[in-house]
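> Can you read through this structure? Questions will come right after.
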Amino acid sequence: MAINILLFSSIALSLAYVALAFEPSPLQDFSRVNGQACKSPASVIANDFSFSGLHMPGNTSNPNGSRVTPVTATQLPGLNTLGISMARVDYAPWGINPSHTHPRATEMLTVIEGSILLLIFSP
C-alpha cells in the first residue's frame, strides 16, 4: 500500500512540475523597446501600429531563389510583447527556403499562385 501511495505521489508531483512550464503573459498591451523600458503611452503614434510593404514582391534573384519580408516588433513596434509576427516569402521557380526553426511558434503558409513542397521535421 505504501508503495502505491509513493508511486502515485511521484507521478502527481512530476505532472505538477510540467504544468508549471508556460510562457509568461505579456505585462503590457503594447510596448516599444527603444533602449529603455517601454515607450510612454503618451508618445505612442499611429505608425507604431502600421506596416506597409507586404503588397510588394521581394527580389528573388539570389542563390536561394527566395526573399523574406518580415513583420516583427522591429518593423512594427506595436507587436512587441505580443509574441506574434508575420512574413511574406516570395519564391522564384525552384526557389528554396533554407532549413530553420521557430521555437515556441507556429508557421502557417498560404500559397497564392503555384504549388510548394513543404517538409516538416518534429522531434
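Any Cβ shown, glycine's included, is placed from N, Cα and C.
TrEMBL entries are annotated by machine, without manual review.
Dumping what TrEMBL says about this protein:
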type	residues	note
SIGNAL	1-21	signal peptide
DOMAIN	53-120	domain 'Cupin type-1'
BINDING	ASN97, HIS102, GLU107	oxalate binding site
BINDING	HIS100, HIS102, GLU107	Mn(2+) binding site
> Which are the residues of the chain, HIS100, HIS102, GLU107 excluded, whose CB is within 8 A of where the CB atoms of the Mn(2+) site average out, their centroid?
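These residues sit around the Mn(2+) site: THR101, ALA105.
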> Can you give the mean pLDDT for the domain 'Cupin type-1' (53-120), rounded to a whole number?
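A mean pLDDT of 86 is what the predicted model shows over the domain 'Cupin type-1' (53-120).
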> Any idea what the Cα distance is from HIS100 (Mn(2+) binding site) over to GLU107 (oxalate binding site), rounded to a whole Å?
11
> Within 10 angstroms of the C-beta of ASN97 (oxalate binding site), what count of other C-beta atoms is obtained when all protein chains are considered?
14
> Would you list the DSSP helix, strand and coil counts for the residues of the domain 'Cupin type-1' (53-120)?
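Final tally across the stretch: 3 helix, 12 strand, 53 coil.
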